[in-house]
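Quick notes on the structure that follows.
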């Protein structure tokens, strides 16, 4: 019997698929082959949550528990790894996962060293980003319900064990019963205790009951909460009740803060900090190339290899030639804050030092002191002092506050000179809200606050107003930079460039840039007015 052409093609295709399937199975399951999925060995730890991890109070540890594997599997194991899916051969139409092992970018000795330094940076990041409001607090059973006051967090669409739940009933009862109600998630248990009745597993309303109080409390240690609604930053206020008593507590639903870490630099011999590896100097220039070159020359006297980033919106730009200068050009008159954004966007170091283009470094411009402050405190930004030719030095320490106004009128901004308190461990340094235009800051925090490019002519304190409440600011009066003299002797020739600069830099009270700034503050920050001392 002869096969027609279609049947023959189908038979050939079937045999080819079968051969590929057998080849795939044999290579995947062949004994003695190295496992292609294992990229690296993660830090040794328990491969999964075991019974000891679920027994938080020793007094209930003797009560047996039947673990619910499907629920325990939803909990964070704190032992992640990255594995590819599939075998050696990439088969068509099959979705596969590709894993990348970042540790392969280092040799063994370098990996050990960089892992230690990364952990040190991470712990410093946690110390800066966490507060007392994040700590877990358990309310004692005064009601007689014990429950967490704060500090319970779950990632969106993830599950956690809920800590601290307990019933401390003084009177003997036939049945001890508690109830949990959520609105944005569901309840379950990671294990079942014999003698405890559960109603509502996998639902938003869970009831637990038992004639034996210890067994009920052992079961409460195994209660899990699962986020069921994707909201990146919210909270579920849940209710926990027993007969005659009800309490409420909050479960935060959010992603943990994602660190932005910078590798620590090696220290040159005899130096406290490698400034060139830690700091980039950033400035915005407009027309004043003589002042800019003087600034660069003064920096090179003390920091020969530090990178300098320049944002330039001059009409006829002049290129600055220096092996460690990055010069970026902008449209003419683009603006003061737009230039700041451009300069900061190109910084790759942990810290950025902001300076005006007419500053001059001296022996008192000790960047090491400012770096030391940021390395050893949770501050995000620390300013220095600017010394005028008269010898007077200013730190421009400013306190900012916003007072609520009447409905519909907007709030009132209060600005006054001063500081909140001294910075412990650093003489001549204080904590404040705003500082002079000479400061060292964490690069990621400056980018987070940003400079509003709508402020294009005159602006400074507006940056600190944008950062009020999120930017931790300090000031040290003993780190000083000089300000080039603005005094013009009458017998010297006029500088057309300086006159043009002055027209842009010092607009009158009725200039449209000032009006635009006031309109912006009115709407953006919902302000009706401000006072300044």
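Each residue, glycine too, has its Cβ placed from N, Cα and C.
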Of the residue ranges 8-25, 26-43, the one that Swiss-Prot records as transmembrane segment: 8-25
Number of other Cβ atoms within 10 Å of the Cβ of residue 476 (disulfide bond) across all protein chains: 25
Cβ neighbours of residue 274 (N-linked glycosylation site) where a neighbour is any other Cβ within 10 Å: 17
Three-state secondary structure, residue 274 (N-linked glycosylation site) (per DSSP): coil
